[in-house]
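Here the structure is laid out as structure tokens; the discussion comes afterwards.
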Ligand SMILES: Nc1ncnc2c1ncn2[C@@H]1O[C@H](COP(=O)(O)OP(=O)(O)OP(=O)(O)O)[C@@H](O)[C@H]1O
Ligand SMILES: Cc1ncsc1CCO
Ligand SMILES: [Mg+2]
């Protein structure tokens, strides 16, 4: 049975995603990433492979000025220290002043009270363009109990109503990752059916997805298109990488290759959106 609240035609088309990828590669947007210590190098490599330009400017002295000139900013709460948390506030302030799109990845929100407060206070400072997280993290921003550490204990389907509520109350796009990614601006919904379970066996795949969203937000006026394009590129590249991989290690290497090799046309024909 068809869900009556979902358009039979996806709110974002594969052709629009292909055009977004072509724009990303043509313009190599500068993506400022204030991310966690586990995934910083991996995130920079994912951005480079996709066609963006990474810069990990995450100290409180430089973060505001850099956010004014960056194409997009990622703020990820995976390993928040006092210094980097101050830098996150500075970056969001700079993003607001210059109109730079910014993406919040509230890693482990809900499970840990202090960082949940940090994530909510950043949203209060200036509404993010996109909030990206796994299902437990999205629920955690609205008072949920969080997942198992940085991993989700819920599915995107289970938190969809809360994702819509968050998108509407914060005037943002909420991107919930999982087996089927659910992306919403509160009214429109895009489901991305691509991906492979091995993506959960390499740390930082979701974190890198947030950085890709910041890159696409630099080249897309529509934040839902930006979030869909990032998710589509990562998951289609992952399917291609998984075909050749023996396990998580060779998959991670192959994923970087496929992010750089997949053409806009191949991306459009591989995407399964609803
Ligand atoms: N079971 C699955 N099958 C296919 N793809 C998946 C599955 N689970 C997650 N993915 C994909 O993996 C990517 C990361 O999503 P995930 O929900 O694992 O993020 P995360 O928990 O924030 O990751 P991390 O914090 O380790 O970076 C998304 O693009 C999603 O489509
Ligand atoms: C494993 C881990 N711990 C804190 S952040 C992080 C990366 C995945 O979110
Ligand atoms: Mg995560």
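Even glycines carry a Cβ here, placed using N, Cα and C.
Remember, TrEMBL labels are computer predictions, not curated facts.
These features come from TrEMBL:
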- 56, 204: substrate binding site (BINDING)
- 132, 177: ATP binding site (BINDING)
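Feature map: TrEMBL annotations on the structure.
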| residue | record | Cβ within 10 Å |
| --- | --- | --- |
| 56 | substrate binding site | 16 |
| 132 | ATP binding site | 31 |
| 177 | ATP binding site | 28 |
| 204 | substrate binding site | 23 |
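The distance from the Cα of residue 204 (substrate binding site) to the Cα of residue 132 (ATP binding site) comes to 13 Å. When the Cα atoms are compared, residue 132 (ATP binding site) and residue 56 (substrate binding site) turn out to be 19 Å apart. Proximity to ligand 1 (Cβ under 6 Å from any of its atoms) holds for these binding-site residues out of 132, 177, 204: 177, 204. Under 6 Å, Cβ to nearest atom of ligand 2: this is the test, and of the binding-site residues 56, 132, 177, 204 it is passed by 204.
Cα spacing between residue 56 (substrate binding site) and residue 177 (ATP binding site): 23 Å, rounded to the nearest whole number.
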